[in-house]
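Written out below as structure tokens is the structure these notes cover.
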Amino acid sequence: MAPPMTLQQWIIWNKMNKAHEALQNSTTVTDQQKEQIILEIQNEEVRPTRKDKIRYLLYTCCATSSRVLAWMLLVCVLLIVVLVSCFLTISRIQWNRDIQVLGPVIDWNVTQRAVYQPLQTRRIARSLRMQHPVPKYIEVNMTSIPQGVYYEPHPEPIVVTERVLGLSQVLMINSENIANNANLTQEVKKLLAEVVNEEMQSLSDVMIDFEIPLGDPRDQEQYIHRKCYQEFAHCYLVKYKTPKSWPTEGLIADQCPLPGYHAGLSYKPQSIWDYYIKVEITRPANWSSQAVYGQARLGSFYVPKGIRQNNYSHVLFCSDQLYSKWYNIENSIEQNEKFLLNKLDNLTTGSSLLKKRALPKEWSSQGKNALFKEINVLDVCSKPELVILLNTSYYSFSLWEGDCNFTKNMISQLVPECEGFYNNSKWMHMHPYACRFWRSKNEKEETKCRPGEKEKCLYYPYQDSLESTYDFGFLAYQKNFPAPICIEQQEIRDKDYEVYSLYQECKLASKVHGIDTVLFSLKNFLNHTGRPVNEMPNARAFVGLVDPKFPPSYPNVTREHYTSCNNRKRRSTDNNYAKLKSMGYALTGAVQTLSQISDINDENLQQGIYLLRDHVITLMEATLHDISVMEGMFAVQHLHTHLNHLKTMLLERRIDWTYMSSAWLQQQLQKSDDEMKVIKRIAKSLVYYVKQTYNSPTATAWEIGLYYELTIPKHVYLNNWNVVNIGHLVQSAGQLTHVTIAHPYEIINKECTETKYLHLKDCRRQDYVICDVVEIVQPCGNSTDTSDCPVWAEAVKEPFVQVNPLKNGSYLVLASSTDCQIPPYVPSIVTVNETTSCYGLNFKKPLVAEERLGFEPRLPNLQLRLPHLVGIIAKIKGLKIEVTSSGESIKDQIERAKAELLRLDIHEGDTPAWIQQLAAATKDVWPAAASALQGIGNFLSGAAHGIFGTAFSLLGYLKPILIGVGVILLIILIFKIVSWIPTKKKSQ
């Protein structure tokens, strides 16, 4: 295709065309003249005029066929844009008119009642096929719900938090202390240790150890006291003035009953029975008691070699059976502890050495029995080690013939009551044991054997008597009958003992060396003989020591040395808070605000939280009953019950208030009894470590670190109602819409005659509902500035049926149609008196004893006018509009809704559906236009759906891409057309 002519060429061409036209019609000009004229025109200098330039511009725009087609395409595009713009403008004008039309008015507080008769058939006995309808009246009661909100009882109290306090506590469990208080045997001790280990190990298996920023309790005085008291409360070290042992191998203690099983009265087992020498009838030939037992007599007691060592310089004992009258077993354990601590404070002066007045007179010439009592005659029966190791002198109580030179012939002289006892019948009226010796003398000690028998020979001791007199000496000591009693004093060792308290040593040394180091050293000191003294029975916990070092050496090592450096390192690295988070353990619910753990801003709590009395507590303090009055197995059962309950409570993160003094807490917080009930109920606990501090076959010790989080209430709301927002249905512009009012409250509270509307923030459920913030708000529709409430509209499909069974036996119904004469669109509470079917569901009657609630919340009356296109608004985009009780201010809401709707692109999605939607919206406003739009929409979606509908729909979804491509092509076309315009360069 040839390019367009230049301006000079076009002017010449234009003149030549005009010359040809003029010469064709002329007959006077010859052909030669015509050629001459054309040559002149071609050679003529051309000066284009403005008119020529304009005409040349039009020529260049349409010089070729492609340029003509481009102009035609541009005109078509512009025409389409104009037509579509006009259509959109008309549609938006109509849309604006539809928006400005006011919609329906929702008015609540309407009560309806209906009775209808569903037919039920009944057979007649004469004919099985014949059935007659029998009317049965079913009553349906319907009550509309104000503002589409139902209020159901909220049984849980709502607690408003004033603050949260964090308290820590260490619980110590030592089975040996428990066993000693309950006087358990070794077998029962082992069972108790197994029970404690089982419960604590099961707790430890489900708890992880970590650290919380509360400070180490081992640095606190209360922890040191409790730990030392638990381990060494009744442990003392006695230092002889000069080492000296028991003088003989024998021990005469006829005041003690003998062991064995005897008919009639039986005595409680005595500790001294372990040292009893039984008289055997048969012995090997030439057997001699002196060769085996030394000076100890058969039928009496001997002193073991382990106790009768000459080089013993100290005695270590752990027993509370040496205390004087101030320590009463009828007192509670806490009272005795308080008395003991006061005694030790008064009887020591900055060291573990007791003052002389604390000792009995037997131990010191300055003794006044301030702490310990005198050893009596019967103590040797139950505490033989005490007498052997600690007596400075011993008074033997003997009924043996020959002691004190007493013989049968001298009884009348020695015992006035026995005068003439063997010379007349006076003995017939006296006790059978009266005026007799327990053991009688024989001529000599010998064995008599049969010929050839060497192993089993009859043995005749030097002193002998019948075993039936096993309680002879005890009855004589009780003065039940006259008897020739010989009492001889034996000097054992010198007075002026020095006594040291291991509890005081532990408490004082811990301040210097640390509790762990001191416990380690003192426990080793108790285990000096290979068996811990504090694990022995109270009556037998006395051992002799040879020049022990006291106080023991305390190695200058760190605390982690004894608590395992590896374990401490692991606690600080692996089990820290970051590790817990990575493992999935969240402490958010347990330790909410670490800064509140030590809340000492309150003057009433400054001393309490720092010096928390129950920061450290032992299991013995927390038991409900005094186990010292229980039998062995009953005490174990009682403690097992407590431990199991404690473990269960800790697993549920609750607090076992048996282990914490609520009276102290109530006094510090100055709360009433009812408030303390709430505090106890919602308090939470957290176990942050469980560790075993000691273990042996018969004893075990555990520690449990507890963190308590106490929520202090500011106010407690009772008698509450919960909000169930069911909403309302609206049918408008061909669209079913679910409308709900967003009330500013969730709870209605009724206290006395005052009704409060509560908005809850930052709440959590822990038996009760605990909220950090509770705001009292105003309900909707009370014509105040703060009562405007947002309304939410949601497009739903028909048919819409929502039935919610209520706890009182009624049903909450919201439906778009009517059934059983239940009105549509209005939320209603429906109650029936017989089972019936509505909306395809069975409605059943409530319980017979059901009664209507006495209190029903009342709300201000509210008439709500909605926009005409509320359904379409909700379908296109969820709009939040505020609703007030006045009709004038709703116009402002409609204006805001109109502005929002006009901003929307109404051509998105399916074009036929949108046109039909516009027709439905226009139906009530402009019926003719609505019919036309409906016809267009039906045509596009019906007959021409395959062509236009789908195409338009696809174009609608691809509109952004198509518009972009179209704009690019249009720009290219415009630039092309502009390039055709002749410029100065082209014109030249």
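Cβ from N, Cα, C; glycine included.
Per Swiss-Prot, the features are:
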CROSSLNK  LYS15  ubiquitin cross-link
CROSSLNK  LYS18  ubiquitin cross-link
CROSSLNK  LYS34  ubiquitin cross-link
CROSSLNK  LYS53  ubiquitin cross-link
CARBOHYD  ASN109  N-linked glycosylation site
CARBOHYD  ASN183  N-linked glycosylation site
CARBOHYD  ASN286  N-linked glycosylation site
CARBOHYD  ASN311  N-linked glycosylation site
CARBOHYD  ASN346  N-linked glycosylation site
CARBOHYD  ASN391  N-linked glycosylation site
CARBOHYD  ASN405  N-linked glycosylation site
CARBOHYD  ASN423  N-linked glycosylation site
CARBOHYD  ASN527  N-linked glycosylation site
CARBOHYD  ASN782  N-linked glycosylation site
CARBOHYD  ASN808  N-linked glycosylation site
CARBOHYD  ASN833  N-linked glycosylation site
REGION    1-15  region 'Involved in virion budding'
REGION    576-598  region 'Fusion peptide'
TOPO_DOM  1-65  topological domain 'Cytoplasmic'
TOPO_DOM  89-960  topological domain 'Lumenal'
TOPO_DOM  982-988  topological domain 'Cytoplasmic'
TRANSMEM  66-88  transmembrane segment
TRANSMEM  961-981  transmembrane segment
Out of the recorded positions LYS53, ASN183, ASN346, ASN405, give me the one sitting nearest to ASN833 (N-linked glycosylation site) by CA distance.
ASN183
Compare the C-alpha of ASN527 (N-linked glycosylation site) with the C-alpha of each of the recorded positions LYS18, ASN286, ASN311, ASN346, and give the closest one.
ASN311
Comparing the Cα of ASN183 (N-linked glycosylation site) with the Cα atoms of the recorded positions LYS15, LYS34, ASN286, ASN346, the shortest distance belongs to ASN346
Which one is closest to ASN808 (N-linked glycosylation site) in space, judged by CA to CA distance, out of the recorded positions LYS15, LYS34, ASN311, ASN346, ASN391?
ASN346
Got a sec? Which of these glycosylation sites, ASN391, ASN833, has the most Cβ atoms within 10 Å?
ASN391
Between the C-alpha atoms of LYS34 (ubiquitin cross-link) and LYS18 (ubiquitin cross-link), the distance in angstrom, to the nearest integer, is 13
Could you put numbers on the helix, strand and coil content of the topological domain 'Cytoplasmic' (1-65), residue by residue per DSSP?
44 helix, 0 strand, 21 coil
Restricted to the topological domain 'Lumenal' (89-960), the mean pLDDT of the model is 76
ASN391 (N-linked glycosylation site) to ASN311 (N-linked glycosylation site): how many Å between their Cα atoms?
16
By Cα geometry, the one of the recorded positions (LYS15, LYS18, LYS53, ASN405) nearest ASN286 (N-linked glycosylation site) is ASN405
In the structure shown, which of the glycosylation sites ASN311, ASN346, ASN405, ASN527, ASN808 has the fewest Cβ neighbours within 10 Å?
ASN405
